[in-house]
Protein chains: 2
Amino acid sequence: MANLDHTHDPALRCFVPGADGHADFPIQNLPLGMFSPRDGAPRAGVAIGDHILDLPALLAAGLVSGEAARAVEAAGPGLNGLLALGAGPRRALRLRLSELLREGSPERGRVEPLLHAAAACDLHLPARIGDYTDFYVGIHHAENIGRLFRPDTPLLPNYKHVPIGYHGRASSIRPSGMPVRRPSGQTKPAEAAAPVFGPSRRLDYELELGIWIGPGNDLGEPVSIGAASSHIAGFCLLNDWSARDIQAWEYQPLGPFLAKNFATTISPWIITPEALAPFRIAQPPRPDGDPAPLPYLADEADQREGAFDLALEVLLATPGLRAAGRPPFPVARSNTRHMYWTVAQLVAHHTCGGCNLQPGDLLGSGTISGPDLESCGSLVEATRGGRQPIRLPSGEERLFLEDGDEVILRAWGRRAGFAAIGFGECRARVVGGGP
Amino acid sequence: MANLDHTHDPALRCFVPGADGHADFPIQNLPLGMFSPRDGAPRAGVAIGDHILDLPALLAAGLVSGEAARAVEAAGPGLNGLLALGAGPRRALRLRLSELLREGSPERGRVEPLLHAAAACDLHLPARIGDYTDFYVGIHHAENIGRLFRPDTPLLPNYKHVPIGYHGRASSIRPSGMPVRRPSGQTKPAEAAAPVFGPSRRLDYELELGIWIGPGNDLGEPVSIGAASSHIAGFCLLNDWSARDIQAWEYQPLGPFLAKNFATTISPWIITPEALAPFRIAQPPRPDGDPAPLPYLADEADQREGAFDLALEVLLATPGLRAAGRPPFPVARSNTRHMYWTVAQLVAHHTCGGCNLQPGDLLGSGTISGPDLESCGSLVEATRGGRQPIRLPSGEERLFLEDGDEVILRAWGRRAGFAAIGFGECRARVVGGGP
């Protein structure tokens with residue numbers, strides 16, 4: 001497996017209390033983000049256990065140099081400049097951070113004062129997002145959704161040839177923790193003669209992997225499939241909130257619009273390709289009879305290790321569960337291996353006509369559902385189109401989201417011989433719409 | 001008619017040579033943009049005849065003050081800051097510019113040195129475009145396109161209720177003059193069993209009105225139809241280049257993606273709502289039997305003067321026409337009165353679910369075709385789906401665009417008792433794709 005080095009050693013210990021064995025952020029992870037200490041200005045940071053290390057302060061203290069320093073210098077006000085530098089400086093920074101935070105680090109005394117308790121910090125979007133594109137690579141999701149509309153032919157003829165995608169709204173992307181207001185919009189109840197305007201009654205989540213673009217390409221200069229990975233700077237979780245009733249009425253013929261653009265929530269830490277190297281897997285073989293990808297989407301290395309084995313989870317916290325003192329309830333478990341296309345294929349496809357990607361652009365994978373009801377990445381799938389409710393331990397039932405419900409997405413890489421790492425939470429609560 | 005003042009007086013004369021009677025930019029227009037003199041840095045400017053007045057230089061010379069100065073101070077590096085201020089400072093700047101540039105202006109001697117010959121300047125995008133949304137409000141276009149797919153029911157059931165729109169790609173928007181590379185992509189010829197990858201053979205233009213967003217709204221705070229106009233900072237022409245063969249294969253079920261995102265060309269001058277005030281008209285009555293807009297889209301003032309009477313034109317310059325020494329050939333003439341929804345309705349609809357618009361966001365109207373073949377805003381309509389060629393005076397024929405073809409969009413407001421004003425060119429040449 002490519003790109004493994006001593007920063008992945010599961011025996012590494014960190015001097016920051018609680019970092020070793022941390023569910024998300026042990027020393028083998030080292031994700032990048034933008035944070036503010038209380039009453040402080042936003043700045044670049046790295047998550048370590050339940051703390052955040054201040055990167056500009058690290059630079060000011062003379063604790064990083066060379067390529068690693070170049071990475072920190074390029075960061076801020078968002079991480080766009082750092083993402084633009086590509087893998088070299090990002091890896092150099094990772095190597096240095098791994099040394100500095102290690103148990104026995106000679107610099108421990110100088111590093112410790114630069115740590116902030118994460119609970120006392122605000123997390124921001126890690127970069128200015130120029131353009132946001134959402135794909136549709138969860139083939140089980142596409143089949144589940146398609147079946148609701150076309151029982152006999154759930155997948156359209158283009159699905160296995162084209163990594164289907166569409167442009168989303170960048171301005172309404174928010175980091176984990178910001179509430180999401182239930183949107184109003186036009187819907188047309190089946191029995192009604194004309195549409196009505198009002199709050200969505202079929203509000204849903206979508207479990208997605210987010211992909212952060214690094215260097216990017218010039219307009220008119222496609223990125224080849226072989227070079228595509230070098231343009232990916234990291235990953236996050238993404239909740240593509242969807243109002244199914246608005247979507248059903250508006251989406252023909254140009255696709256979803258207001259049904260999606262009222263909010264998108266992402267986890268605030270950029271999990272780097274370096275951190276995820278141990279969890280790379282071969283692209284799962286296509287079912288017999290499926291077409292081979294066209295040459296512009298085919299690459300041997302990508303086939304060998306272009307996919308990921310990451311466990312995904314959706315948890316729901318409802319008013320009833322909270323009142324009963326119960327924890328968030330897991331409503332779905334899935335895995336990134338259910339993506340029909342690799343992230344490199346998404347980049348190659350997105351640019352094959354010349355479209356330019358820019359540092360800090362964000363791609364969504366589309367909903368990553370598994371093959372069964374327990375692995376559905378959205379409620380409309382898990383409830384079979386809003387017909388079979390999900391039952392919660394509080395006695396509550398859900399077809400779609402109610403005001404006060406909180407959706408939490410999680411992801412982990414776990415593999416024998418490696419430290420487990422996580423993405424951190426992608427969490428947001430639904431609040432009632434306007435008057 | 002609201003908002004007419006002495007800046008609209010057709011008797012006004014300007015001391016800049018060639019400005020009076022200029023096809024686009026007489027003193028009654030005064031559009032805003034970003035330009036660079038040769039070897040100079042980009043800066044804000046106003047077009048006057050064949051010249052550009054340097055706005056920061058005007059400020060530095062002490063020739064603007066108060067609200068007008070505030071507008072200039074907010075401009076740069078793009079005009080986003082100026083657009084964000086809304087109508088007050090923008091109008092104050094217009095009033096002052098009209099005084100300064102007038103025949104007999106006492107400041108003529110101080111203004112003249114701040115003028116640049118437009119031919120010696122580069123024009124840029126006038127603002128950083130955060131998000132770009134494309135609508136579909138040309139009802140004749142929607143009918144023409146729909147008829148190609150569904151001869152019996154060209155308009156889908158939602159069309160007369162929902163201002164249909166979708167998110168487009170902001171990163172590939174370029175100002176007039178930049179060449180457009182023919183995109184490659186997946187297409188599936190009707191007779192083929194599987195898709196192929198290669199250059200688009202059905203490259204098309206789309207004639208659209210662009211709408212620049214001014215102040216914008218916060219996430220979760222819809223803009224009411226009554227307030228919508230105050231969020232519009234100006235207008236431009238927009239060519240939504242489209243690869244029809246890529247579009248036909250990819251667009252189900254999530255809408256156009258690579259078929260559109262390889263390039264969008266806009267005219268570089270922001271024509272202000274103030275300049276267009278004389279060309280406001282009542283919203284054309286809906287045909288008998290059409291539904292009334294839902295209340296969130298209905299406003300008396302908008303109905304009374306929310307539409308525009310602007311003549312639109314598409315011209316084609318081909319290698320054959322150029323070789324024959326012939327001018328660009330007009331292939332279509334249309335009018336903004338063929339928009340089924342007003343620009344205020346687009347803003348109200350876009351935000352009704354809480355989506356936030358930001359200063360410098362751009363909306364496209366969708367293709368504005370008229371009712372007949374000579375008023376089609378795209379080739380796929382004018383050639384009835386690529387079947388009936390357009391004949392040019394050079395003897396050439398066109399079903400779709402060829403390499404070397406140049407598309408020029410124009411727009412004018414003309415009304416008895418007022419000076420005619422224009423938008424300036426939206427022009428780009430198609431160049432061959434990759435290797």
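Just so it is clear, glycine is given a Cβ too, placed from its N, Cα and C backbone atoms.
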Looking at TrEMBL, A:Glu206, A:Glu208, A:Asp240 are annotated for Ca(2+). Which of A:Asp134, A:Asp302, A:Asp309 sits in that same site?
A:Asp134
Listed range which TrEMBL flags as region 'Disordered', given the options A:94-113, A:174-193:
A:174-193
Candidates A:Asp134, A:Asp240, A:Lys260, A:Thr264, namely the binding-site residues, that fall within 10 Å of A:Gln247 (substrate binding site) by Cα distance:
A:Lys260
Per-residue Cβ crowding (10 Å cut-off), top of binding-site residues A:Asp134, A:Asp240:
A:Asp134
Please count the residues of the region 'Disordered' (A:174-193) that DSSP assigns to helix (H, G, I), strand (E, B) and coil.
0 helix, 8 strand, 12 coil
Out of the binding-site residues listed (A:Tyr251, A:Lys260, A:Thr264, A:Thr367), which are within 10 Å of A:Asp240 (Ca(2+) binding site), Cα to Cα?
A:Lys260, A:Thr264, A:Thr367
Would you mind listing, in sequence order, the residues at least six apart from A:His141 (active site, proton acceptor) in the same chain with a Cβ closer than 8 Å to its Cβ?
A:Gly366, A:Thr367, A:Ile368, A:Ser369, A:Cys376, A:Gly377, A:Ser378, A:Glu381
Which bits of the chain, at least 6 residues beyond where the region 'Disordered' (A:174-193) starts or stops, bring a Cβ under 8 A of a Cβ in it?
123-125, 199-201, 203, 241, 243, 245-246, 248-250, 258-259, 262-268, 403, 424-434
Setting A:Asp134, A:Glu206, A:Glu208, A:Asp240 aside, what same-chain residues sit with their Cβ within 8 Å of the center of the Cβ atoms that define the Ca(2+) site, listed in sequence order?
A:Gly168, A:Leu207, A:Leu238, A:Asn239, A:Ser242, A:Lys260, A:Thr264, A:Gly364, A:Ser365, A:Gly366, A:Thr367
